[in-house]
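> Let me begin by handing over the structure; questions about it come next.
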Amino acid sequence: MASSSRCMFHLSVLLLLALANVATSSLLSPHYYDRVCPEALPTIKRVVKAAVARERRLGASILRLHFHDCFVNGCDASILLDSTPTIDSEKNSRANANSARGFEVIDQIKSEVDRICGRPVVSCADILAVAARDSVVLLGGPTWEVHLGRRDSTTASRTTADADIPSPFMDLGAQIENYRRKGLDQRDLVALSGGHTLGFAQCRVFRNRVHNEANIDPGFASKLRQTCPVSGSDSNLSPLSPKPASFDVDYFKNLMKRKGLLHSDQALFNGGSTDGLVRTYGSNPRAFWADFARSMVKMGNITPLTGNEGQIRLDCKRVN
């Protein structure tokens, strides 16, 4: 009976999360700014395009900002807030300190959009969501309709960021549970992890893998040890996939060769329940693109602030 009660409880929690996502997503619309400021989205695209042309790595950085924002109390731009006497900035969390970047691009977008619109009507949270989509498209990936109408938080939580942003050291079970708490399933986990087709990671987060783990290609590990020695060089970078500025399926192909850079990456293909999805995406780019786009929309709908909740920040770095 106790086991049955626990199962019913977990099912109820999942149902409530699903209903919450449906309820909040119904308040968002791809056409939210069509009348308010029809030039908002083209302006975001223009600034992102210029930034990525200057430095292609920024595309991955902006995508990561949106991901890290949504996993902490929903997609509310809390990651953009600087520390104040009353705000412990998420920028200082373990996942973001000395690694999150691209903030200056978001600030530039906000300035340009407010100028074009004539007033601050576009939230920083929506800017992050659209800029992430535009970054993926510019780097060769799929597009999707971004649901809009989010408002910005008036607070941030470094403690929650430390607890909720998925860690690069997580095993598969921990990742599944982490995503489940956000209303996301295993397909979302593998598809969104495919965002690691873009970008780089610092030595400090893959050192243990390349020096101590067994489920890694020996040649791959040997090469990475040159970049990431047993001690020191914590900030040295290595690409998360062979072409870190190109949105492709090489990330999944690498996992099947035991060449995942992070422990959490390789955990997706290590004899567990997600092996089949990795194989599917590695051999079928269309399937990956479709699922990545679907999961990005789903992630973007995690408990957004809408209506009279929160605010439209005048400056993405601080509360009005």
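Here the Cβ of each residue, glycine as well, is placed from N, Cα and C on the backbone.
Note that the structure is a prediction, hence the values are computed from the model and not measured.
According to TrEMBL, the record shows the following:
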SIGNAL    1-25  signal peptide
DOMAIN    27-320  domain 'Plant heme peroxidase family profile'
DISULFID  Cys37-Cys117  disulfide bond
SITE      Arg64  site 'Transition state stabilizer'
ACT_SITE  His68  active site, proton acceptor
BINDING   Asp69, Val72, Gly74, Asp76, Ser78, Glu90  Ca(2+) 1 binding site
DISULFID  Cys70-Cys75  disulfide bond
DISULFID  Cys124-Cys316  disulfide bond
BINDING   Pro166  substrate binding site
BINDING   His196  heme b binding site
BINDING   Thr197, Asp248  Ca(2+) 2 binding site
DISULFID  Cys203-Cys228  disulfide bond
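Burial and contacts for the listed features, if you can.
Remark: Arg64 (site 'Transition state stabilizer') has Ala100, Gly102, Gly195, Gly199 as non-local neighbours, by Cβ distance under 8 Å and separation of at least 6 in sequence.
The Cβ of His68 (active site, proton acceptor) has Ile79, Glu90, Ala95, Asn96, Ala100, Ala161, Ile165 as same-chain neighbours under 8 Å, each 6 or more residues away in sequence.
Of all Cβ atoms in the protein chains displayed, 21 besides its own lie within 10 Å of the Cβ of Gly74 (Ca(2+) 1 binding site).
Of all Cβ atoms in the shown protein chains, 30 besides its own fall within 10 Å of the Cβ of Cys70 (disulfide bond).
Within 10 Å of the C-beta of Cys316 (disulfide bond) there are 22 other C-beta atoms, taking all protein chains into account.
Around Pro166 (substrate binding site), taking its Cβ as the centre, 19 other Cβ atoms fall within 10 Å, counting all chains.
The C-beta environment of His196 (heme b binding site), restricted to residues of the same chain at least 6 apart in sequence and closer than 8 Å, consists of Leu240, Ser241, Tyr251, Leu261, Leu262, Asp265.
Within 10 Å of the Cβ of Thr197 (Ca(2+) 2 binding site) there are 29 other Cβ atoms, across all protein chains.
Contacts of Cys203 (disulfide bond) defined by a Cβ separation under 8 A and a same-chain sequence distance of 6+ are given as Thr227, Cys228, Ser233, Asp234, Ser235, Asn236, Leu237, Ser238, in order along the sequence.
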> I'd like to know the mean pLDDT over the domain 'Plant heme peroxidase family profile' (27-320).
97
> May I ask for the distance between Ser78 (Ca(2+) 1 binding site) and Cys70 (disulfide bond), taken between their Cα atoms and rounded to an integer number of Å?
9
> Roughly how many Å separate the Cα of Asp69 (Ca(2+) 1 binding site) from that of Cys316 (disulfide bond), to the nearest whole number?
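The separation of the Cα atoms works out to 13 Å.
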> List the Cα distance (Å, whole number) between Cys117 (disulfide bond) and Gly74 (Ca(2+) 1 binding site).
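A Cα-Cα distance of 26 Å.
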> Around the C-beta of Cys228 (disulfide bond), how many further C-beta atoms are within 10 angstroms, looking at every protein chain?
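So the number of other Cβ atoms within 10 Å of Cys228 (disulfide bond) is 25.
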> So of Val72, Cys117, which of the recorded positions has the fewest other Cβ atoms within 10 Å around its own Cβ?
Cys117
